[in-house]
Amino acid sequence: MGLSRTMTAIQLNSSIPLGLPVPPHTPHAISVSLPTWSETVAYKEGIKHINDALLNGYPRMFIQLNVRKLSSLLEQKFGINGERCMLFPTYKVAEQCQLFMQARSVGARIVGLLICPEGKQNNRVIECKEPANLSESTSSASTNLYVVLFPPDMFSIANQFWQHSGQGISSRLTDHCLSILTENAAHANGSSLSPLTFPGNSHVAPEQLEVGHDVDLEGRCGGPLLADAAIAKQVLRQRIAGLLIRYGSCDYRAELCVGKKNLEGNQNSRDFADVTENDVYLFPTGMTAIWNAHQLALAVRPTAKSVCFGFPYSDTLKVLQKWGPGCHFFAGGTDSEIDELEIILEQEFARDSTKPPVLALFTEFPSNPLLCSPNLLRLRALADKYDFLLAIDETIGNFVNVEVLPYADILLTSLSKIFSGNANVMGGSLVLNPNGRHYTALKAHIAAHYQDIYYPEDAIHMEWNSRDFEQRIKIIDDNAEAICDFLRPHSVAAGATNAVIKEVFYPKYITPENYERCLTKGTNHDLSSSPSNGGGGYGGLFSLTFTSGAASAAFYDALSCFKGPSLGTNFTLACTYTLLAHFKELEWAAQYGVEAGLVRISVGTENTEALLRTIEAALGAAKEAKGL
């Protein structure tokens, strides 16, 4: 398949020019170089020459150039009065986008296309409803594509669905579609697009598309690829389930039952079921997994507000706010806020004891970017007492370092991050806890309604990338701990005088008791959970706040590593997190400790000493900027 294996030990990279893909020279890279503080600000301010320089971006935040190309072609063909469009892999997802827009009083229509290679199905117009199932629709080189068209001034509304739900067309699927159109355009006869019609959509006659796009495909959607993808997806599900079992503790599982017994632990561990591959569901992005978890809760449980506990990645909160009846937001994720939550639960239950006071509680372990770990023991107790779902996003902690499934009804992970590591493919997973009291209902619904929209070629790359996941975690854990142990004594929080660093946000220092309670015991189930005893580590992510904006900018600019959005890469990647995620709400974020000057660093597998040297140099630049 033309894939190359990534080394677990890599060289520390210098920053690369603005707008180039990160990692460079990588098809379907999912980050972009933002090498300086000022260029990042200019990008967020919409300065034209800066935005024009961007050749890439994080796929949910930045519509990739090949996706823009295909969208433009389809807008020219099917758009009326300058309509814009969004592209989706299935009718079901397109309809969800349409409903999201209609709920905001925006009209949207769907055109379905069957894109066929020359000579397939004679390129005739095919009028039909959604295929019976996705496997039938992708059983050949032909590709179904669903186009949501809407008024041009409503693009920002459609883009919210694209960003929050993460269900837009994959860049690899886009390349496949463009390659078919390119090949077909070279032939004198035949149409490369066949519209499918749906209720409420007018028929659109096919026209020849002229396409001048030269695509270098990594693979083709066809027989062998689909067979490989089916195997890859099965291996991914088995790998995730296997990691949860491998790094789980039999003794530990006996202490929790997710609603089947009390927390004192009086039930034998043999009454507990291990998670299997059939409890693991794959999605095209981590946010798609989160979005679907929320939709699953809305479908299975009585309607109520959700709870967002702890300051989360920005789109998680948006999903809980924009779908369903809204959410209660507890940004600190502290024990005192659990007390506040309990008061709300008591009040709501007193008001109506016939249904749970909340739908579900979503939390990250630990949180991004403040690395705060909530007290899962208390949250699980409340979930049992008041009968609501507990969904835990363990992306930052990861399968190797923390064991949080025993507390969760639903476990969520962005596989795009450290599970992949190569930053060249997106993916997400949702795992149902087989020991949960609501497992049967959740399982029945997802089994009936789950649609596999994970593009085959993406699954193949994800499987390949994740083969050395465990080995990479150990290297990254050690590197990050060495860096944070170096930086912490230079912080105000640690009592340093004339410091430029205010705080080092890292699980070892932020709510360590909650994090360490969930450390994996290691594969030998050593009862002492600590990195030194072969157990889980503190992960590869940390954030820094500074005593001045000038110090923040100087530190960031001086870092000799890749700089741009995303995390969990095999290489060290820094970003101005708050500017990227909350630029239009800086004051709002600051009140919860997410300061505008925060720098987030995802540590890679480079040489430890080389990493320490660049961190020390950046610290020196920050001190100089403050006149120290």
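Using the three backbone atoms N, Cα and C, a Cβ is placed for every residue, glycine included.
Per Swiss-Prot, the features are:
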BINDING   Y313  substrate binding site
MOD_RES   K417  N6-(pyridoxal phosphate)lysine
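Each residue contributes its Cα atom, and for the residue listed as 'substrate binding site' and K417 (N6-(pyridoxal phosphate)lysine) these two points are 13 Å apart. The residue listed as 'N6-(pyridoxal phosphate)lysine' falls outside any helix or strand according to DSSP and counts as coil. Fewest other C-beta atoms within 10 Å: among the recorded positions Y313, K417, that description fits Y313.
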